[in-house]
Amino acid sequence: MSFAMTMLSWSVIEYNHKYEAIDEYKHARELIKWGTDYLLLTFNSSATKIDKIYSQVGGSQNGSSTPDDHYCWQRPEDMDYPRLVQEATSGPDLAGEMAAALAAASIVFRDNPTYSKKLVQGAQTVFAFARDFGKRTPYCRGNPYIEPYYNSSGYFDEFMWGAAWLYYATGNNTYISLATNPGLSKNSKAFYMFPDQSVLSWDNKLPAAMLLLTRMRIMLNPGYPYEDMLRMYHNVTGLTMCSYLHRFGVFNWTKGGMIQLNHGQPQPLQYMANAAFLASLFVDYLNATGVPGWNCGPTFVSTKDLRSFATSQINYILGDNPMKMSYVVGYGNKFPRHVHHRAASIPSDKKHYSCTGGWKWRDTRNPNPHNITGAMVGGPDRFDKFRDVRGNYSYTEPTLAGNAGLVAALVSLTTSGGTGVDRNTIFSAVPPLYPGSPPPPPPWRP
């Protein structure tokens with residue numbers, strides 16, 4: 001959820017003019033505030049030091065037949081079984097992402113100084129908790145309600161991501177010093193160049209963090225002492241973009257033209273949408289500085305090639321695929337009708353369905369009585385095949401995090417409201433990097 005809020009905030013900061021043009025700016029801000037208000041309630045956001053975060057409400061244990069969020073199929077308003085609240089007394093991964101979300105949102109709401117300040121304060125508090133050296137166990141570790149579902153591969157990427165956002169939100173140099181600390185890139189394996197490192201997801205922020213820091217190099221050119229690390233982040237960001245291009249053969253592609261960023265595993269679309277957003281954003285950063293492309297080894301690649309990658313993947317999601325099907329509910333004529341979603345699948349018949357009484361709606365072959373319009377489902381398999389079956393969440397489950405990446409990619413690719421990014425808003429709290437010009441000397445008199 002925090003990742004979804006960070007992605008939405010990032011897209012609003014970069015493309016507020018586009019959101020305004022399609023009359024979605026206020027709506028996007030309402031969505032972000034809904035999320036950040038919730039996040040601020042999960043820890044003592046008015047304190048400067050905390051010792052716990054309420055990390056999850058509800059959940060399920062694998063194979064359990066106790067009424068819980070997986071076993072029961074009910075409308076949210078009918079759920080009456082107990083839902084456990086998980087507490088994290090250590091959580092560098094979770095708290096690092098929460099800090100990123102609150103810091104990014106503080107830039108979105110800079111026209112509301114009271115709320116913006118509250119978000120910055122919360123971000124600093126939760127980031128200090130993330131960085132607490134005695135509490136570096138990932139929040140999922142050993143928790144049967146979290147580990148099987150939200151297992152974290154590490155937390156140094158969240159440190160880089162959270163620190164970058166906090167620097168942009170506060171202008172405090174300790175954050176940029178941390179984000180460009182060689183130890184951080186070493187521990188996050190930022191320069192190892194495994195293909196998986198270039199895949200942005202709710203678990204891996206590395207490619208996004210490095211692109212966000214590359215933005216600083218391209219547009220502010222801060223020089224010493226940050227230049228060496230920023231140059232390396234810039235280089236790796238370039239290589240990440242190379243890896244998304246079909247001709248370099250880094251990732252497998254389906255016959256129908258979908259990049260397989262998660263090795264043909266289920267629910268591929270969220271990774272594609274995230275990659276499309278990063279690629280489109282990188283193009284806009286280069287365009288903003290008049291740079292026509294970058295090098296992939298000896299090959300020069302133009303920004304047009306990268307933009308067409310981003311466009312092709314989003315077009316695939318919207319229906320340009322072998323199934324001729326839009327994977328966004330309500331878009332086009334052919335889209336999933338059996339979405340794995342409790343509220344969408346149960347009719348508004350004023351009847352209360354118990355935990356297991358709702359199973360008949362889960363298992364029916366009839367289409368959902370309600371369309372969850374705008375939701376992107378998990379997506380097809382590695383053979384471009386899609387089964388519109390409610391019981392198979394691999395194909396038909398929509399997620400908050402996946403949809404945030406889709407919204408970001410769509411707004412980056414639309415030309416409504418003009419093209420390009422808002423160059424300066426993101427840096428509004430960053431102090432001038434160079435001393436101002438001295439006043440001119442007094443006129444010389446003999």
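Just so you know, the numbers here start at 1 and follow the chain as drawn.
Note: Cβ is positioned from N, Cα and C throughout, glycine not excepted.
Residues or ranges marked as active site by TrEMBL: His340 (among others). Residues near His340 (active site) in space but far in sequence (CB under 8 A, at least 6 apart, same chain), listed by position: Val377, Arg390, Gly391, Asn392, Tyr393, Thr396, Glu397, Pro398.
Feature annotation from TrEMBL assigns active site to Asp388 (among others). For Asp388 (active site), the same-chain residues that are 6 or more apart in sequence and have a Cβ closer than 8 Å to its Cβ are Pro336, Arg337, His338, Tyr395, Thr396.
Take the CB of Glu397 (active site) and look out to 10 A: across all protein chains shown you find 18 other CB atoms. The active site feature in TrEMBL is assigned to Glu397 (among others).
If you look up TrEMBL, you'll see 1-410 marked as domain 'Glycoside hydrolase family 9'.
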Per-residue pLDDT averaged over the domain 'Glycoside hydrolase family 9' (1-410) comes to what?
97
